[in-house]
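Listed in TrEMBL:
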TRANSMEM  A:38-59  transmembrane segment
DOMAIN    A:99-288  domain 'ABC transmembrane type-1'
TRANSMEM  A:101-128  transmembrane segment
TRANSMEM  A:148-172  transmembrane segment
TRANSMEM  A:224-246  transmembrane segment
TRANSMEM  A:266-288  transmembrane segment
Amino acid sequence: MTELTTRAWLLSDAPQTRRQAKLGALYQGWLTFRANKLAMFGLVILILLVLMAIFAPWLSPQSPFAQNLADRLKPPSAAHWLGTDALGRDILSRLIHGSRITLFIVGTVALIAPVIGLFIGTVAGFAGGWVDQVLMRITDIFLAFPKLILALAFVAALGPGIGNAVLALAITSWPPYARLARAETLTIRHADYIAAARLQGAGPLRLLIGHVWPLCISSLIVRVALDMAGIILSAAGLGFLGLGAQPPMPEWGAMISDGRTYILDFWWVAAVPGMAIFIVSLAFNLLGDGLRDVLDPKGAKE
Amino acid sequence: MVKTPGQGGLPPVNGGAPGFGRIRLRRRAKNVGGVALSLVLTLLGLLLVTFIIGRVMPIDPVLKVVGERATQAQYDAAYQAMGLDKPLWQQFLRYMAEVLRGDFGRSISTGHPVIDDLKRVFPATFELAALGTLIGVFVGVPLGVIAAARRGGWIDQIARVVALVGYSMPIFWLGLMGLLLFYGILGWVGGPGRQGIIYDGMVPTVTGMILIDSLLASDWGAFRDAFSHIILPASLLGYFSLAYISRMTRSFMLEQLSAEYVTTARVKGLSERRVIWGHAFRNILVPLITVIALSFGGLLEGSVLTEIVFSWPGIGQYITKALLAGDMNAVLGGTVLVGTCFVLLNLISDILYRVLDPRAK
């Protein structure tokens, strides 16, 4: 098929098959998304970030751990594009390898927290009664907590480290998803198609997984995309406090903390990783806004 | 019902000042009894969570008290004295009774009772967060109103960029860069800490908030010194607060400006200024109070990272230092205090909402 006919096939008013309709809807969404220049900008940055993480060993000029005390705290130069840190390590190399850690943390939290939230929220909304009461009360309690302080307390109890930081962030960020999933469930709980599926003999678990979850997913995705930047910043905050990834791991927040002591004389040690965090979370925010326009047109434009 | 902030609009706020975007307590409780019950349950949950966190701690609390070289008999005695041989629910009741009496145990790192430490450090955080919120309100509200009134104009665009950058910026990094620029290079502000060395301990402590204490003592030198130290961290917190407040104000205002009574007011020939400030703005005051209360709570929390950057002797620095020292009593005491502040702020905004909005009755 040529380019033009593919497009016509995708945009057809009368799709012949289910697959064509689905792909057509996806393509429509992509067209809307593509029109949003800022969102495209965010997407490009994030694709670059992922590529950087995948090809880190080939891209970085040096090992992120190689120390060279003779070359410590050197300003950006031809040999070290972004300068060196207090142990003479090449900051550019550390930055490139750090993208892996950032993506790992964000990816894991953004996977765990919405799933917990989806489960709790849909069960609460679908079951109703005392189950709903108890689950939502627990959600309220977690919402009443200051998020960062709770994460700090969890890390304090579990011990510092990247795994525990991920866990702490996931534990503190599921409640909004639960609320969202519950609200969605309540609106579709009494829909005719649910009743129809029930009459066909579908059990509660089947209804939940097969008929309720798919409808909650798109609003959850929007919410996750919008929360990504917040997760990055929280993770960097934990790293900055020395509670996330432990040295010598090139975590961006921890790198800022390393440069803190030298901020007045050797500014680049702290400035560079901070800039990286800013760019990535900005990209996530732009992408999230764009995705919201596509997936949730109601809530999009104020 | 009041609009719940953060559900529409821009993404919830970042790790620097997290949690602005969430509303903590649902306004589901219909009457005072409901509010009280919900308050008690939430506080109970707060204690339960901190209790559980204290339980899973891998550090042996008994060893911390008796020391490494205690005999088995001493260890057992301390173990029983701390009630660790009792069932968990009894331990929880005991913990609850202690907290209600304001007894959080003794901090291992400072050697003082945790409650005394908290009394000392809390005013520093409160002062910082309060000034930050003031800045956020006095800049953010007008910015949001004008952005809504001139929708699509250049002020609206600026407000949009300001908010987007605020949502994407690591607060501790911005603090470091601020120190570098305004302290290191320009020398406009005082450095880290609350006071210069010469003024340290010179002002008698009344409220614990140095700006107010130095005013009470009419010590202008100390006031100027304290102001030069607080202005940078407070402006940073204020920036994050205004990013959120201006977005919320804008969307509240847009909703009002499309209402029919606004058209009526315009048709009557009222000036645009009267329409915006006299009619539309008055109607967003109530939801705005909720937003400001939430934003204040967010700053209390967001100050953790800021305090570390600026060596500010507040509750954030206290908790973090205790955490790194494995001083669990201090960590949990601080967590309970900040959590309680959150819950109370929610309660206050709830009550104000009920009192001020005639439709809520």
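Every residue, even glycine, has its Cβ placed from backbone N, Cα and C.
In this chain, the transmembrane segment (A:101-128) lies in contact with the transmembrane segment (A:224-246); the count of Cβ pairs under 8 Å, excluding pairs fewer than 6 apart in sequence, is at least 3. Listed as Cβ neighbours of the transmembrane segment (A:266-288) (distance under 8 Å, sequence separation of 6 or more from its ends, same chain) are residues 38-39, 41-43, 45-46, 49, 73, 75-76, 82-83, 85-86, 91, 94-95, 98-99, 102, 222, 225-230, 232-233, 236, 252-253, 255-256, 258-260. Below 8 angstroms of C-beta separation, residues 49-50, 53, 135-136, 138-139, 162, 165-166, 169-170, 173-186, 189, 204, 207-208, 212-213, 216-217, 220, 223-224, 227-228, 231-232, 235-236, 244-245, 249-252, 277, 280 of the same chain, each at least six residues beyond the ends of the transmembrane segment (A:101-128), sit close to that stretch.
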